[in-house]
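Copied from TrEMBL, the annotated features are:
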ACT_SITE  LYS10  active site
ACT_SITE  ASP135  active site
BINDING   PRO93, MET94, GLY95, GLY96, GLY97, LEU98, GLY99, GLY100, GLY101, SER102, SER103  ATP binding site
DOMAIN    66-143  domain 'GHMP kinase N-terminal'
DOMAIN    242-276  domain 'GHMP kinase C-terminal'
Amino acid sequence: MSHAYPAPAKLNLFLHVVGRRADGYHLLQSVFRLIDRADTVHLALRDDGRVVREGDLPGVPEDHDLTVRAARLLQAHAPRGAGVSIRLDKVLPMGGGLGGGSSDAATVLLALNRLWQVNLPRAALQQLALQLGADVPVFVFGQTAFAEGVGEILRPVSAPPAWYVVLTPPVQVPTAVIFAAPELTRNSPPLKIARFSAGMGRNDLQPVVISRYPEVARHLEWLAHTIQHAQQRVADRSPLGQFGEARMTGSGACVFASFATENDAREVLSRLPETMQGFVAQGLDRHPLVDCCAE
Ligand SMILES: C[C@@](CO)(OP(=O)(O)O)[C@H](O)COP(=O)(O)OP(=O)(O)OC[C@H]1O[C@@H](n2ccc(N)nc2=O)[C@H](O)[C@@H]1O
Ligand SMILES: Nc1ncnc2c1ncn2[C@@H]1O[C@H](COP(=O)(O)OP(=O)(O)O)[C@@H](O)[C@H]1O
């Protein structure tokens, strides 16, 4: 029998590069927010000790698939013979800065922690997650988070209720290439975050990406321009709708803006030209699996 589990996307509400470690990895400060747009991970338990991926993921061989690697990592802690067949329904674009692959992997860790009765505490699962990628621990953490280090030092923060317009430019941005760019600024002054306010900060990776990927620049410009128009119109009514700045998430390619109401978000999305794609999603305060699968 197969079980279905959600793997929600994330947005980096801001992302500052504050330094670089000796091994070349970058030190960041970011607020991660989960949204209700998700891949679905189907897991069918096996008792032959094998981890098998069913179906194809273009450009990702089975042994590189983060879901397969996640299951194999957890297997070291599982009873003998524990195995699983994994099937993915991908909704989230790859290389989009929405963390889809990382979230798929975190969902596998969380779900198998319960299904295989491994019962690792959340902190231990987060450490395993970090071996798979800098972005994986936050999905195991499962709440809106202020992240530091390379993304492994996580503290809960609260963010106001928000709906997001997310545009998905038809390009994949390789994270490693953007971090390696000579023009990337790596010296944002570290923030002491007492409270997070919508619209604060910026994404330091954004100037690098928009200079190299015209499609990302085009989507960002459209969103900024459309928000400006909508804002002027709403200013005539009272009370004022709240509009966030158009910004890129992670290392791109997706761009987003936040809105206080679903209506405002849908109105902006309704103006999207046929040459662009996007969706509206609601900010989540908790990962849907946060309470079921680890303590
Ligand atoms: C930029 C962010 C922001 O949330 O997200 P995405 O845009 O990828 O979703 C993350 O830091 C990405 O995390 P993730 O996608 O897991 O990256 P990893 O697989 O660990 O790293 C890919 C490559 O990016 C570089 N890298 C990554 C993270 C980091 N803090 N410093 C780096 O220099 C390294 O060269 C690394 O080899
Ligand atoms: N299960 C998976 N789903 C998506 N991407 C995966 C997966 N396993 C490995 N990858 C690799 O990870 C890369 C980054 O994917 P993803 O996390 O979706 O985007 P991003 O890191 O930009 O948010 C992909 O381009 C792909 O090569």
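Cβ atoms here come from the backbone N, Cα and C positions, even for glycine.
Given the structure is predicted, the values throughout are model-derived calculations rather than measurements.
Mapped onto this structure are the features recorded in TrEMBL.
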| residue | record | Cβ within 10 Å |
| --- | --- | --- |
| LYS10 | active site | 27 |
| PRO93 | ATP binding site | 19 |
| GLY95 | ATP binding site | 18 |
| GLY97 | ATP binding site | 30 |
| GLY99 | ATP binding site | 27 |
| GLY101 | ATP binding site | 26 |
| SER103 | ATP binding site | 27 |
| ASP135 | active site | 30 |
Cβ under 8 Å, sequence separation of at least 6 from the ends of the domain 'GHMP kinase C-terminal' (242-276): give me the contacting residues as numbers and ranges.
10-15, 93, 95-99, 135, 160-169, 171-175, 178-179, 198-199, 202-203, 205-206, 209-210, 213, 215-216, 219-220, 222-224, 226-227, 230-231, 234, 282-283
What remains of the recorded positions LYS10, PRO93, GLY95, GLY101 after requiring a CB under 6 angstroms from ligand 1 is none
Please check each of the binding-site residues GLY95, GLY97, GLY99, GLY101, SER103 and report the ones with a CB atom less than 6 Å from an atom of ligand 2, ordered along the sequence.
GLY95, GLY97, GLY99, GLY101
With DSSP as the yardstick, break the domain 'GHMP kinase C-terminal' (242-276) down into helix, strand and coil residue counts.
9 helix, 8 strand, 18 coil
Taking just the CA atoms, what is the gap between GLY99 (ATP binding site) and LYS10 (active site) in Å?
6
Could you tell me the mean pLDDT over the domain 'GHMP kinase N-terminal' (66-143), as a whole number?
97
Cα of PRO93 (ATP binding site) to Cα of ASP135 (active site), in Å and rounded, measures 15
So which binding-site residues out of GLY95, GLY101, SER103 end up within 10 angstroms of ASP135 (active site), measuring C-alpha to C-alpha?
GLY101, SER103
